[in-house]
Amino acid sequence: MEAPPPLSLRLASSSSLRASPVSVRLGVGHAVKRYSRLRPLRRRFCCRAASTVTLLDYGAGNVRSLRNAIHHLGFDIKDVKTPEDILSADCLLFPGVGAFAQAMEVLNQNRMTEALCTYIEKDRPFLGICLGLQLLFESSQENGPIKGLGLVPGVVERFDSSGGIRVPHIGWNAVNICKESAILDEIEGRHVYFVHSYRALPSEANKEWISSTCNYGENFISSIRRGNVHAVQFHPEKSGDVGLSILRRFLNSYGSSRSGNGNASKLAKRVIACLDVRTNDKGDLVVTKGDQYDVREHTKENEVRNLGKPVDLAGQYYKMGLTSFLNITGFRDFPLGDLPMLQVLRKASENVFVPLTVGGGIRDFTDGNGRHYSSLEVASEYFRSGADKVSIGSDAVYAAEEYLKTGVKTGKSSLEQISRVYGNQAVVVSIDPRRIYVRNPDDVQFMVIMTSTPGPNGEEYAWYQCTVNGGREGRPIGAYEFAKAVEELGAGEILLNCIDCDGQGKGFDIDLIKLISDCVTIPVIASSGAGAVEHFSEVFEKTNASAALAAGIFHRKEVPIPSVKEHLFREGVEVRL
Ligand code: 1PR
């Protein structure tokens, strides 16, 4: 398999993948002058006439979702290859996923910076998304300070988690429209999808630009607009129908409007459907479901439990919520050789406009021909195939063990490599712990808790042992120690499974989820054991989980996702309906 191109405009491939750490030392003040040269509002341009949208894809993260959304809305795409492609664009989209420094390095290396500024200063139709908004500001503190395009006054800084908010800001949140923005007319009271750790704050100097703010511990800038120049911090291509309407309005340059009538007011709790995917004995890729991780039917044939086709189920879940794909045998396969899984992802992402997380087998790998692949290459292929976030399981356990032994961040682990290039918001760590009962807390060196479900011999204490390879091998590290270590190594979110509860339908392991969600500042997804809608309100009531995941009850259609959301709504839990 040809090495994926490095983080650069999809011009020509080159040999080495690793983006060299960059930081451009910032001289103060000169950037500010730029925006004052912006010409005042003159006339509104229209993309519809063009029907071809120019896309500035600098190769980081999941731009495939935006491509799918643009095609879904009936437009063709022209990729930027030269600065002239920017200047001659009728309508330019600039999606930015990943890290600020890398993005600026690629723009500077490809002489795109000047062209981009000129295009925007000419008030040409422009829509920046996420990093595509942040790069318009003077600079960012992300691995910096790093100089930005300097078109909008202000510095992009990390959310302040000292007040207890979890960073990254991941999930569905509401925006407050503060000026007529044309493309945002329909989102008042609706949830849109955010995934970021850095944000720009409103100030006297940039207030004329701001079209909406969002509250997450503080009011930050969620969109700007000036004339035909728009940019949003959230991801319209991942915000379901509301997001598609924003893109449609920009591409159709506004068109008819109707006001939003939602209930959105703050960051919503997320409900996630998980598809555990593997090949069955016939070699077909199926959605399976473990019974405490045992995915084989307890029949004479002992087949792999088959609960449906991945793309079909993903398509069904799209309308209702978020989806995760876990390639549960990725630890023994080589993911880049597992074309069926990549094809499933590409196919599923064509019609799924909510975030997709994909995991399984992400690690450095040497194939049968002795060709070495880095975990960054594996993750890049998942992102290019439509993943918004990648989930790392076994490889993160080994990295944490090494880190706890040496106390040194080598920067070489898959976790560190991928979060450095794509941003920690794109990296989930999946934990597969098993509950181990002990008579006395001093019996083990790991964090032990008083358990609310006594052991088989009445033990009152338990610790949670991490496992690898799909629960097949226990490791000398506790879930508590592991969670804290991976947060330090760059994880942006934790998917907290529980082997004991998996597929049991008796509810989430509240003890475990409370232990972990109280010891990290990144979002935690509760997983394993959901059997009824009440289990979801219970976990949000009793723990600081930011999301709750289920599999069996959704695949077997025992509990429809909408009924979970309606129940949570009735219980006063903010959810995206
Ligand atoms: O270790 O990086 O190759 O990743 C492998 C990934 O596959 C990990 O995320 C690991 O959690 C997952 N995995 C491996 N083996 C299994 C298995 O089931 N035998 N499934 C497995 C993990 C657990 C949950 C499940 C919940 C909810 N799936 O995601 O969906 O327990 O189920 P429920 O609602 O029915 O109770 P690597």
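Heads up, the Cβ atoms here are built off N, Cα and C, so glycines get one too.
What TrEMBL annotates here:
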- 55-250: domain 'Glutamine amidotransferase' (DOMAIN)
- Cys130: L-glutamine binding site (BINDING)
- Cys130: active site, for GATase activity (ACT_SITE)
- His235: active site, for GATase activity (ACT_SITE)
- Glu237: active site, for GATase activity (ACT_SITE)
- Asp276: active site (ACT_SITE)
- Gly361, Asn497: substrate binding site (BINDING)
- Asp432: active site (ACT_SITE)
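Under the three-state DSSP scheme, Cys130 (L-glutamine binding site) falls in the strand class.
When the recorded positions Cys130, Asp276, Gly361, Asn497 are compared by Cα distance to Glu237 (active site, for GATase activity), the shortest distance belongs to Cys130.
Annotation: Asp432 are the recorded positions among Cys130, His235, Asp432 whose CA atoms are within 10 angstroms of the CA of Asn497 (substrate binding site). Residues Asp276, Gly361, Asp432, taken from the recorded positions Cys130, Glu237, Asp276, Gly361, Asp432, are distinguished by a CB atom under 6 angstroms from ligand 1. Under the three-state DSSP scheme, Asp432 (active site) falls in the coil class. The recorded positions near Cys130 (L-glutamine binding site), taking a 10 angstroms Cα-Cα threshold over the set Asp276, Gly361, Asp432, amount to none.
Mapped onto three states, the DSSP output places Gly361 (substrate binding site) in coil. Counting every protein chain shown, the Cβ of Gly361 (substrate binding site) has 25 other Cβ atoms within 10 Å. A separation of roughly 26 Å, to the nearest angstrom, links the Cα atoms of Asp276 (active site) and His235 (active site, for GATase activity). Under the three-state DSSP scheme, Glu237 (active site, for GATase activity) falls in the helix class.
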